[in-house]
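In TrEMBL this protein carries:
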- Gly27, Pro28, Thr29, Ala30, Ser31, Gly32, Lys33, Thr34: ATP binding site (BINDING)
- 1-147: domain 'Kinesin motor' (DOMAIN)
Amino acid sequence: EVFAALRPLLAGDAFANGGAACCLCYGPTASGKTHTARHVAATAAADLFARFPGPLQVGMLELRNDQCFDLLAADPDEAKVELLEGEDGRIMERGTSTVQVADEAAFAEVMRTFAERRATAATAANAASSRSHAVVSMRAEGGGAPA
């Protein structure tokens, strides 16, 4: 239901023609943001696999305590990412990695790795609350900017 409303923005013609898309989940603790975001990402990936013949390039970042970390880094000690502002005002990251994902099953496996590596801690409202902001980027070969 949520993705049906977002589909024209996340995987629609604007993205297919070189545009970018963003989905932000915002709300109080235990309101379902993480669950919704995971479903939207998986459904968007499935939609992109159906629309584009090639693999997706996937990146995953975590913003925590004013720092940025690459959750796909092979070495956790090398996971810190530097965020820079370009002359045009766009934010760029230095030190990130991406993985090539060929299908929905491979995307699901990358999402499992992502979930395992995110920082969590108990709160009064949630025993395993994420203590960070997550960013999942997808680029379709021949498609648009990262979504």
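Every residue, even glycine, has its Cβ placed from backbone N, Cα and C.
Fewest other C-beta atoms within 10 angstroms, among the binding-site residues Pro28, Thr29, Ala30, Ser31, Lys33, are seen around Pro28.
When secondary structure is read from DSSP and collapsed to three states, Gly27 (ATP binding site) falls in the coil class. Neighbour counts were taken at the CB atom with a 10 A radius for the binding-site residues Gly27, Gly32; the maximum falls on Gly32.
For Thr34 (ATP binding site), the count of additional Cβ atoms within 10 Å of its Cβ stands at 18 [all protein chains shown].
Taken residue by residue, the domain 'Kinesin motor' (1-147) breaks down under DSSP into 49 helix, 38 strand, 60 coil.
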